[in-house]
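What Swiss-Prot lists as ATP binding site is ALA165, ARG166, THR167, GLY168, SER169, GLY170, LYS171, THR172, and the listing cites sequence analysis. According to Swiss-Prot, the feature compositional bias 'Acidic residues' maps to 1-13, 27-60. According to Swiss-Prot, the compositional bias 'Basic residues' annotation covers 395-404, 939-948. Annotation comment: Swiss-Prot describes 856-868 as compositional bias 'Polar residues'. Residues annotated as compositional bias 'Basic and acidic residues' in Swiss-Prot: 884-903, 922-938. For 395-552, the entry in Swiss-Prot reads domain 'Helicase C-terminal'. Per Swiss-Prot, region 'Disordered' is recorded for 1-80, 378-408, 849-948. Per Swiss-Prot, motif 'Q motif' is recorded for 121-149.
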Amino acid sequence: MTMSDIEDSDVENYDIAGKLALRSDDELGSDDEQNTSGEEGEEVELQDEIVSSDDDDDDGDKGKDTGKMPPTKKAKLDRKPGSDFDFASLDFEAEDNEEEDKTLSSILALSNPTAKKAKAGSFASFGFSKFLLANIAKKGYKQPTPIQRRSIPLIIDNRDVVGMARTGSGKTAAFVLPLIEKLKLRSPSGVRAVILSPSRELALQTYKQVKEFSHGTNLQSIVLIGGDSLEEDFGKMMTKPDIIVCTPGRFLHLKVEMQYDLMSVQYIVFDEADRLFEMGFAEQLNELLLALPSNRQSLLFSATLPRSLVEFAKAGLTNPVLVRLDADSKLSENLQMAYFTTKRNEREANLLYILQEVIKMPLGTPEEVKKLAAMDKRSIESDEENEEAKEQNNGKKRKYKFKKERMPSAKELPSEKSTIIFVPTKHHVEYVTSLLKDAGYLVSYIYGTLDQHARKNQLYLFRIGLTKILVVTDVAARGIDIPVLANVINFTLPGSSKIFIHRVGRTARAGNKGWAYSIVNSSELPYLLDLEIFLGKKLLLTSMHEAKCELLKKKQGGSFIPPRINYTERLVVGAIPRLDLETFQELYENLLRNNYEIKVLKDVAAKGEKLYHRTRQPASQESLKRSKEILETNSWDDQHLLFGENLEKMKDDFLAKLQNRNVKETVFELKKKGVKENDSLAEFMHRRRRQLAPIQRKAQERKELLQKERLAGLSHGIEEEVLKIDGEASGYNQNVDEAELQETFELGDEAHNKKKTFKDPQFFMSHYAPASVIQDQQLSIASSFANDAQAATFDLDNDDKLQKNKQQVMKWDKKKGKYINSMSTDKKYIISENGTKIPATFRSGKFDEWRKQRNLKPTSSLTNNETPENNKRFKHKKQSVPKLPDKYRDDYHKQKQKVEKALDSGMRVKGYNKPGMQQELKSTEQIRKARAIKEQRRAKNARPSRRK
């Protein structure tokens, strides 16, 4: 069927979302910045992106369309049965990428004539305007990523979308590009788009992309983040911008403080949606959602979302479509991981060893240290001068322009060994930063409560490559704009598998390879086993690999080749070589001994870690049981396979052979060897050995039996693992076949009420629990975001780690004369528009004071229907009092005429009164003043009144 046949056919109602739902087996794209050019000013031609491939044909074929649309299967916009609020899901059929791109271009050409000549699979095939295509080309983007290719057409078609793709797949551009395409021009009606980001850094990063893609338009966009001046934000909001990029706390504060009307919002985006709904903003988010119009378009994007998204009905989605790209592959295929076991007090030594021996991190040269100190000093001085200028200029900041270093492009590493270290609390940030600086490394640091100016400065130093290491917490690292990294180090293993994905997702982007190193102790082993199930990647201990090699030796004989260790598909666990680790432990102890400040910071971090362990979510019971079994084998802390042969173990094996010799004697027996006389000590040792022999034999048999039971309980043994074909997935993932998909989902456009099966998903109990069920349990969102924050899937811990659930303690209140709950506060609440209680601190009256100082109308008088412009041209009608005439000036008579004219018009001029203008009757204020003056004169003169 040709394109002309399609246009002439009776079937004209093409569902864009339906036709785009084609399953492709291509790998996920890299991050937003993967295709950016090295220079911002580089000119890129648009011809390659817009011109159709038909233009390259021969002249004889021009005007002749010989291509046919590939046969496609209609997409299934499915709904889960048995749910009150159904979410549609895009069912991607297995098709080649080329066919999918051609189909996408053909379908969009039907709805948008500007996309008819667009090259298949390009940004122009979406029907974007010329200015937007030019901005995309300036950024260096050539082809859309999978999440962009599948979600942008749905967004343009005004569908609510829930997008799930891993970190760095281009989610930001997926909602920013259609947003700008739909808004295009400035509108005085008010705010039309709101983008909510969970962190300040992510908001700034999104705002930067909005500004770059909207270049050439008159769209006005602002960014609202915590830490900035409220007065500046008041001024921004009063300009009625088109696009607001903000963090939820500051935006809700301004909304309540200013009583701002949001009924003009057409487009709202929840970036990193899972985190937004788990930050404790339950009441405030409900208030915000109710303040938005019902016909808005809502979009949710995140790297990790559960398969069942019914709970996101709170966000007010209408007939949403789920676009999910990483249901099976949650990590980059280029990411290699290594897990190093540690003892209680050797975590810092492990960190120093990884940096120096594994990553080969260079120490800072004297020139680099001097340059870093100079830039820090310059930043502090400019900040102080900025504060002084702000006080002198009535709150206006003075911008200082310094010569900035060249930022690397998105494809370049900030530095060759750029490494980010994740720690649990802000106390650990200060401790680890001081430790590494004292060891000679160049370090930047960021945590949640750090000043905004300091954040930008620390991130800038890392981006330009002046510092090689960045120490962060999970809260602060969310959304930090670092396109490419070489290494990620987990100082402690996170308590959630989703947090781990967000951490390690910062490396191995844009087709680059990356490493993720994690330091794990025995208490964190259950979380590692949870991660094993969640990722679908099996644990690999050194003993397991050695047993595998022995089995292969028996099978292959002389042709044995040691198997290659796959650090991408397996979780390889082991310890750092003992002798080397002891050297770095001595180095750490010397640093601690010579620097009192580090010792103090270590004590503070230790207290914070105790509270962190007390409040983090527990591991699953199954993982706790398995961790005990692994710890009993005493093989989980063998030397890591990354370091080759274990010389210490070879020495121990040799000593064990000596210990298992046939003739065993003690020193008492050796002395009396060859002497026929009976010796009491030698006889005693013989008798003792005969008594212990049965006990030792039973203990050995018990150990072997436990080992057999453990191996029998595994899903597959070492033999099965060896016989596997190389490259085959060795995890717990189970591919869902087509029959199960058709049974689970329904067509989105049809309202089917009949059940597909007799099973009730709420009560049916299967005879087995597949691994996908465990994965969904870890990905699931609790029934209530507000009430079950503890059980939420992805709960990032605060930097200072305040305890969430403290026991209620009663204390005596002297003023009230009774015992009160120590947890109770006198926080005042106000009733919002929908009747919910919100903190009264949100309504402090600062905006009213700011407005009165500037003589501005209240926001209630600037509603959408009563805008100041009102689409009319204003005429200047203000009349001012003329200047008083001066005899000694040339314009005396002219000014006198102006005064007379003003008096005739009824205006009052000081010193000039016409008949009838002066008020004859005195006011009460004039009478009071006259009496006061009279009393003063009488007291001054002190003379009695004259009597006649």
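Just so you know, glycine gets a Cβ as well, placed from its N, Cα and C.
Mind running through what each feature is packed against?
DSSP classifies LYS171 (ATP binding site) as helix under the three-state reduction. The number of other CB atoms found within 10 A of the CB of LYS171 (ATP binding site), across every protein chain shown, is 27.
Across the compositional bias 'Basic and acidic residues' (884-903), DSSP helix (H, G, I), strand (E, B) and coil residues number 12 helix, 0 strand, 8 coil.
Helix, strand and coil residue tallies for the motif 'Q motif' (121-149), in that order: 18 helix, 0 strand, 11 coil [DSSP].
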For the binding-site residues listed here (SER169, THR172), which one has the lowest count of neighbouring CB atoms within 10 Å of its own CB?
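The binding-site residues SER169, THR172 were compared, and THR172 has the fewest Cβ atoms within 10 Å.
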Measure the Cβ-based neighbour count of GLY170 (ATP binding site), defined as the other Cβ atoms within 10 Å of its Cβ.
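Taking all protein chains shown, GLY170 (ATP binding site) has 24 Cβ neighbours within 10 Å.
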How does the compositional bias 'Basic and acidic residues' (922-938) divide up by DSSP, counting helix, then strand, then coil residues?
15 helix, 0 strand, 2 coil
